[in-house]
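Trainee: To start, I am sharing the structure in question, which I have written as structure tokens.
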Amino acid sequence: MSHILDKIDTVYPFPPKPIPLSEEEKSSYIASIKELLKQKDAVLIAHYYTDPEIQALAEETGGFVGDSLEMAKFGNRHPASTLIIAGVRFMGESAKILTPEKRILMPTLEAECSLDLGCPADKFSEFCDAHPDHTVVVYANTSAAVKARADWVVTSSIALEIVEHLDAEDKPIIWGPDRHLGSYIANKTGADMLLWQGECVVHDEFSADALRKMKSVYPDAAILVHPESPASVVELADAVGSTSQLIKAAKELPYQQMIVATDKGIFFKMQQLVPEKELIEAPTAGAGATCRSCAHCPWMAMNGLKAIEKALSEGGEEHEIFVDEALRVKSLIPLNRMLDFAEQLNMQVKGNA
């Protein structure tokens, strides 16, 4: 059973789209980045939702492409003293929380996440304080300050198991920040959950009506859906899961066509694993010209070659992630609680977005 707060419609200002580079400029920046990675003892770690050329460069230079938690864990294990995180800001913070001794750089610190923006730490803390009998469970797509206020940090791959565990102990739950994922988990578990009203601007735009129409055009296609999508979209899915889980589903499902309802950046890695299959972008609510995100996170798009080269060459406060040590230690507690729980279940914890 879920208790949903009144939804507040928030229109987030999107950053300007990066200026396209010529092929000559791209080649120049790539060569410079490769040299700087060696000079700075750095490794490039990119999220699935960054542009394909960024993911390709990360792999080519011995870096990594993955979801949010995988990125932080790779950086923790890698011997490089500097991590350049191509993603959104909470991902850089997560890397710093797990690996405080390393220098964490980002192409820009202005790459936000609507889930993070929609869950300010002060407001969320007030809400939690008003319900002191509730266990606070937050999605990894949050700031270090919100994580520090939580009892548990979860990823979408283990959220169901943790909520089932808490529900078995008759613990009411505050869930934040994604209302769609919270509703999905509440419906699956029957747990008593109060849901914070955040959403991902990309997944919130997927349309069930438009998806049904697309399915009629591709009747033999499987539908893959991220659980940050509206319930009406999730109900149409053949597979529901995090980025890593959707990539796995694309490989395992016996379909030659896949309609994919998540950020289209995922197509780079997905197509690598299933080159023989046709991947089709799921339709957004805007049906073309009127969509806002159009199935690609506007903040992920800020992680361009020029910005990466600048971060490596200049560094400084415009690019380096710092997390207050007291806050870092406090936020590490609920994160380790999840990792310990996963170890007990012998589960491999994957990230979200």
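Cβ atoms are placed via backbone N, Cα and C, with glycine included.
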Trainee: Going by the iminosuccinate site in Swiss-Prot, where Ser68, Tyr139, Ala140, Asn141, Ser156, His226, Pro227, Glu228, Thr243 are listed, which of the candidates His47, His296, His319 is also part of it?
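Mentor: Site partner of Ser68, Tyr139, Ala140, Asn141, Ser156, His226, Pro227, Glu228, Thr243 for iminosuccinate, according to Swiss-Prot: His47.
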Trainee: Express in Å, rounded to the nearest integer, the largest CA to CA distance found among the iminosuccinate-binding residues His47, Ser68, Tyr139, Ala140, Asn141, Ser156, His226, Pro227, Glu228, Thr243 named in the record.
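Mentor: Looking at His47, Ser68, Tyr139, Ala140, Asn141, Ser156, His226, Pro227, Glu228, Thr243 as a set, their Cα atoms extend up to 18 Å apart.
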Trainee: Cα distance, Cys297 ([4Fe-4S] cluster binding site) to Asn141 (iminosuccinate binding site), nearest Å?
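Mentor: Counting only the Cα atoms, the answer is 14 Å.
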Trainee: Give the distance between the Cα atoms of Cys297 ([4Fe-4S] cluster binding site) and His47 (iminosuccinate binding site), rounded to the nearest whole Å.
Mentor: 11
Trainee: Could you measure between Tyr139 (iminosuccinate binding site) and Cys200 ([4Fe-4S] cluster binding site) for me? Cα positions, answer in whole angstrom.
Mentor: 12
